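Undergrad: Structure provided below as structure tokens; questions to follow.
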Amino acid sequence: MILLGSTGSIGVNTLIVAKKFGISVEVLVCGKNIKLLNEQIKEHNPKVVVIADKEDISLVNHSRVYSGSEAILEIIEDASSSLVVNALVGFLGLAPTLKAIECNKKVALANKESLVACGAFIDPKQIQPIDSEHFGLWYLLQDRPVSKMIITASGGAFRDWDIKKLQNATLADTQNHPNWSMGQKITIDSATMVNKMFELLEARWLFGEGTNGVSEFDAIIETKSLIHALIDFKDGSTTAHLAHASMQLPIAYALNQKMDENILSHVDLLKVGSLEFREITTDRYPVWEIKKELLKNPARGAVVNAANEAAIEKFINKEIGFMDISKDIIRAFEKFTQLPKSIEEVFLIDEEVRAFVKGKI
Ligand SMILES: NC(=O)C1=CN([C@@H]2O[C@H](COP(=O)(O)OP(=O)(O)OC[C@H]3O[C@@H](n4cnc5c(N)ncnc54)[C@H](OP(=O)(O)O)[C@@H]3O)[C@@H](O)[C@H]2O)C=CC1
Ligand SMILES: CC(=O)[C@@H](O)[C@H](O)COP(=O)(O)O
Ligand SMILES: [Mn+2]
């Protein structure tokens, strides 16, 4: 397989699962964590590696090392593996997703930003979702009419905070996720609830298309992250996908569709005792205000994604407070209303929205 983002949270879990199933690793791609990359090279013996910066090439213990985003695309084209696991973070993951699809490779997709920004131009048949909620929906889906798909949110780091204190929350505060251990950006997205908004879009692109496409999607908070997805069927039944909070189960299915062995221990409901559900409210999660409008026009995800990435950059640089991330997103959403008509337009909108949020236009 080709693994993009090998040193991240999903990347590391992917290598654990690949080892368990004896899946060979042809290409490793990462950013700046050369120390971990060197350990991965020793253990998985890839044929080629790609890193972010040219200056770091000499630090990598491998004879075939390339750098930069163009090199990622070239390697996807040249490599013989038919499976690309995309665990890059952010909009930079989109071009590799598109390249893998163009090369007719199967994409095991963790990089949700690909679908959020460009779902209108991606054929869901070429995607196997790694995101836990979409894996849950895929797992639950049967040949029966569905009335609604529901995904769950943990509520993020600030679900129990006094709302008045949220504006002054720090980057370190955002990283205290109650249930999952994940990369920095998605953990911020979880705290703003942008992650769940993105996941509604992801669900819409994956399951909302075609003649039997589902027309209603929503999210609720389940504080223990044991239920990941629910499906309301037209007949009045609701089914739920329960599993412990580990990405190894979705990854295992993405790498190996036939699963006849145990990956996780079962959830013991007697030990769990009780579950708590909460509504996602706009006072704590202001970005939820645009949910309805966004789901009506999911191609506007390109705007929301770009605004979110630019606002997060400002938050990390301490130029804005935590609640301003959502304000910036809403401001951009109100200003940019055009729908991209092509992939090229997605990239143009992305550039323009970033410039707007950063105050350059
Ligand atoms: N973590 C999770 O449980 C889940 C994550 N996702 C999604 O999966 C994706 C990855 O998330 P996660 O693993 O948490 O993120 P991380 O931040 O942990 O990992 C990101 C990976 O991308 C690499 N990377 C960053 N910039 C570059 C670059 N310029 N060139 C090459 N590689 C680069 C990083 O390399 P390095 O560290 O070496 O700089 C790292 O390997 C995100 O889209 C996220 O939303 C979805 C569901 C669950
Ligand atoms: C593991 C996974 O799929 C994440 O997307 C997770 O759902 C994030 O947690 P939140 O529910 O807090 O957004
Ligand atoms: Mn998720």
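Each position is counted from 1, following the chain as shown.
Positions of Cβ are set from backbone N, Cα and C atoms, glycine also.
Note: TrEMBL annotation is automatic and uncurated.
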Undergrad: Taking TrEMBL at its word that Thr7, Gly8, Ser9, Ile10, Gly31, Lys32, Asn33, Asn111, Glu113 bind NADPH, choose the one of Gly183, Gly208, Gly210 listed for that site.
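TA: For the NADPH site that includes Thr7, Gly8, Ser9, Ile10, Gly31, Lys32, Asn33, Asn111, Glu113, TrEMBL also lists Gly183.
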Undergrad: Just to be sure I read the record right: Ser132, Glu133, Ser154, His177, Ser190, Asn195, Lys196, Glu199 are listed as binding 1-deoxy-D-xylulose 5-phosphate in TrEMBL. Which of Lys112, Lys125, Lys164, Lys165 is listed for the same site?
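TA: It is Lys112, as the record lists it for that site.
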Undergrad: Tell me the Cα distance separating Asn33 (NADPH binding site) from Asp131 (Mn(2+) binding site), rounded to the nearest angstrom.
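TA: The Cα atom of Asp131 (Mn(2+) binding site) is 23 Å away from the Cα atom of Asn33 (NADPH binding site).
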Undergrad: Taking the Cβ of each of the binding-site residues and counting other Cβ atoms inside 10 Å, which one has the highest number: Lys112, His177?
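TA: For the binding-site residues Lys112, His177, the Cβ with the most other Cβ atoms within 10 Å is Lys112.
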Undergrad: Nearest by CA distance to Thr7 (NADPH binding site): which of the binding-site residues is it, out of Lys112, Glu133, His177, Asn195, Glu199?
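TA: Closest by Cα distance to Thr7 (NADPH binding site) among the binding-site residues Lys112, Glu133, His177, Asn195, Glu199: Lys112.
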Undergrad: So of Thr7, Ser9, which of the binding-site residues has the fewest other Cβ atoms within 10 Å around its own Cβ?
TA: Ser9
Undergrad: Work through the binding-site residues one by one (Ser9, Gly31, Asn33, Glu113) and name whichever has its CA nearest to the CA of His177 (1-deoxy-D-xylulose 5-phosphate binding site).
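TA: The answer is Ser9.
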Undergrad: Other residues with Cβ within 8 Å of the Cβ centroid of Asp131, Glu133, Glu199 at the Mn(2+) site?
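TA: Once Asp131, Glu133, Glu199 are set aside, the remaining close residues are Lys112, Pro129, Ser132, His134, Phe135, Gly136, Ile151, Asn195, Lys196, Phe198, Glu202, Ala203, His228, Ala229.
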Undergrad: If you measure Lys112 (1-deoxy-D-xylulose 5-phosphate binding site) to Ser9 (NADPH binding site) at Cα, how many Å is it?
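TA: So the Cα of Ser9 (NADPH binding site) lies 14 Å away from that of Lys112 (1-deoxy-D-xylulose 5-phosphate binding site).
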